[in-house]
Amino acid sequence: MKTVIFLALLGLAAAEFIEIGYKVCKSDGTVSQVKADGCELTVKDGKKVCLFKKGSRPIIQIAFKPSKDTDKLKTSVRAKVGGSAMVDFPQTNSDACTYGVKCPVSAGENQIFEQSISITENHPAGEVIQVNWQLTRPDSGKEVCIIFLAEIKE
């Protein structure tokens with residue numbers, strides 16, 4: 001088990017994060033930076049778009065300051081594909097405290113959330129999608145809500 005954890009940490013240490021374009025949606029906390037590893041940044045129609053390769057596991061990193069003390073935060077990811085309704089992106093674990101957030105969370109304390117996502121062969125390629133990433137408190141308050149554009153390539 002220790003070997004698996006060490007290899008996972010080694011993989012994160014070798015990551016090459018780049019700043020991506022994002023917008024903050026309604027949230028209580030303050031987002032200071034959003035980065036990604038495994039993202040090829042391009043510009044389409046004047047907007048920054050992260051290109052993710054099928055079969056890859058890009059990592060998203062969000063630096064933020066929470067507005068309230070809380071015991072835990074939950075992560076959720078949704079995507080808007082082809083102008084349709086938002087679709088939940090499946091996750092095996094939604095506990096943000098397992099992705100670098102120091103819990104219990106203290107208001108005003110800098111935090112870094114870091115989670116990898118799996119881009120499977122089933123994801124549609126060649127279309128720009130809107131990704132909505134949130135970290136919510138048990139009272140349903142949003143500490144983090146960001147939107148960024150992504151495209152999956154073969």
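Along the chain as shown, residues are numbered 1 onward.
Cβ atoms are placed via backbone N, Cα and C, with glycine included.
Quick look at what Swiss-Prot annotates:
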SIGNAL    1-15  signal peptide
DISULFID  Cys39-Cys50  disulfide bond
DISULFID  Cys97-Cys103  disulfide bond
Least buried of the disulfide-bonded residues Cys39, Cys50, Cys97, Cys103, going by other Cβ atoms within 10 Å?
Cys103
Coarse DSSP state, helix versus strand versus coil, of Cys50 (disulfide bond):
strand
Roughly how many Å separate the Cα of Cys97 (disulfide bond) from that of Cys39 (disulfide bond), to the nearest whole number?
24
